[in-house]
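As recorded in TrEMBL, the features of this protein are as follows:
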BINDING   117, 171, 199, 200  S-adenosyl-L-methionine binding site
């Protein structure tokens, strides 16, 4: 989610250390003399260049950031419940498929952007922990001569149950991160997990830092999608992978009509009944229709420098998983 261009609060889960970081973007060049036809044209072009969409509404780029922030601040507490209600629970399957497509290896360093409530991060931790445990069991089975005391000691001395894997959850919305941290505490996630408040368009990380970058149902809310993609490319290591799970365009005409009826007639009503917020869910429905098609988004990913770019439609194109590599 894109909004104000600042970040703070880098806290490592369970360790209590933090640092504050602030940044700024150089302002764009503007015409200083609006007089006359040329000046009027320049102002008109500047206005067009700084306008964008907030759902079906046309707003300034600066205004969109604030509006998107307010949407997710409003829905944070009911975000997970609404995801279950809106998708009838299918979003869980989509996220599981994203992890199976990722297939992280031991030691994978993951950056999950717009991942505030932790759905992708928790799945990642579960996956790598299970993978590490299977590897450990294979090693023990290969050592048939060990006594049970030695086997027990090996398990007790195991300091890193994740095999060196780590996930950094980055989100621009404080309320979403707050909910994610509460879930992590309640579900017992501590090791290998960190939370940072940051902007997808200006990530507070060094170049070539992560093995995998994920963003699930977040990139359509970014003001400058091309800039977010460039940042994803920058922070990935050579050979690193970009994975995006996002709503897309339905490729079945009959399902498309039913999906539109459900989206515009049912989802905002659910938002009002469950979360007390019609407008936020009306925006979410509209933002899906404004997002580029699968092929258009594929081209944007390639323009950001990624190679071997592909996408896989899920549920007849209601969502798609986009993949690309930094080579």
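A Cβ is built for glycine as well, from the same backbone N, Cα and C atoms used for every other residue.
Annotated features, which come from TrEMBL, shown on the structure.
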residue	record	CB count, 10 Å
117	S-adenosyl-L-methionine binding site	24
171	S-adenosyl-L-methionine binding site	27
199	S-adenosyl-L-methionine binding site	26
200	S-adenosyl-L-methionine binding site	26
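The record assigns 117, 171, 199, 200 to the S-adenosyl-L-methionine site; their largest pairwise CA distance measures 16 Å.
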